[in-house]
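Straight from TrEMBL, the features:
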- 41-58: transmembrane segment (TRANSMEM)
- 73-130: domain 'Homeobox' (DOMAIN)
- 75-131: DNA-binding region (DNA_BIND)
- 133-334: domain 'TLC' (DOMAIN)
- 142-162: transmembrane segment (TRANSMEM)
- 182-201: transmembrane segment (TRANSMEM)
- 262-282: transmembrane segment (TRANSMEM)
- 302-326: transmembrane segment (TRANSMEM)
- 345-368: region 'Disordered' (REGION)
- 345-367: compositional bias 'Acidic residues' (COMPBIAS)
Amino acid sequence: MDSALLNEWLWQEEFWLPPGIRWRDIEMKEDEGRFPLPRDLIYTLPLAFAFIALRYVFERLVALPLSRILGVKDRIRVRAPSIPKLEAFYKQNSRQPSQSEVVSLGKQCGLSQRKIHTWFRHRRNQDRPSNTKKFCEASWRFVFYVVAFTAGLGSLINTPWFWDHRECWRGYPKQPVSEAHYWYYVLEMSFYLSLLLCVSVDVKRKDFKEQVIHHIATLFLIGFSYCGNYVRVGTLVMLVHDSSDFLLESAKMFHYAVWTRTCDSLFIVFALVFLVTRLVVFPGRVVHTTLVVSLEFFQPFLGYYFFNALLLVLQALHVFWAYLILRMVYKFVFLGKVERDERSDEESNVDEEEEEEEPEDEGDECSWEQRKGAINSKLASLANNCVLNNLTNQRNISSRLPKAR
């Protein structure tokens, strides 16, 4: 009984349909095409797990060998020595202890405060994702966005609403959905669901919270727009997003491979496409047609307000990311290079520390790689000094030869 009441309340016509339209008015016959139904989206959950499995195989069989071909190198980090009490505190309490906790841990372990700080710094750096992991993640997203954008553009370019946005609402809500657009919806929703399921194990970035909000808003937007038959507008929204995302992921890939010129060029192209599509096309065309143009065909109702609220949440995120991108453009123009991806490539560790190691006490362990690098630099300096001294002495001898004669 309770489920029947919930079902009746959830599918109220006043919420989903414009005023004056009933569910029986939009029923379609088999020869009229497919009408979007909520049960069609049941395939998104198993497909999301299929995407996770496919990603696992892709990263190991394709992305990992590709990273080696492109020359992706992982930073050599000093591993923290095994100290059970510090390890337990790190996992159970905090990754960055307070000063009082450092003093207490130092007394328990018989170590100086500096060594406690050094251990936690090394332990945090040890948990940082490697460049190879970040490259594999970016390459997986790049492949999906390229395929999704190409397939989406191919399925939409010959539709009337791609060129005239008033066609998005002509005949609404009784609009059939083609098989291509149905699978476009299902695969996009499954992909974003897989990203949300993997958010705890993926690389945590500077805009981690915004990314989670973006994934949730996208899932609500895709699901609600399909159930409310806003499919025509929904396909345009997905196409606009996919048009710039694959450029960002490709720039990340070359950034991790230290192909600086290629990365910088792709970033400039991405920035231009992002700013045009997210700050001009999306609000000027897509949001405008849902807020304004749609009212030429029906009176506003609760679903209209909810759908537009989701679009405005996405637009607010676009403004946030555009601010980060413009900061990057400023650095590129005035500093001459892109130092890091302000939008979503900077790890959001609590301490926001740099990976460079600080000078340590004599008793602290130092890796052989660091010692070898220091010895090589000193030898090179000595060799240069010897060469310069020899050249100076040779010039002095040559200058004194005429006088001796």
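Placed from the backbone N, Cα and C atoms, the Cβ positions cover glycine too.
Counting residues 6+ beyond its ends, the transmembrane segment (41-58) has Cβ neighbours under 8 Å at 139-140, 143, 185-187, 189-191, 193-194, 197-198, 223, 226-227 in the same chain.
Helix, strand and coil counts from DSSP across the domain 'Homeobox' (73-130) read 35 helix, 0 strand, 23 coil. Looking only at the domain 'TLC' (133-334), the predicted model's pLDDT averages out at 88.
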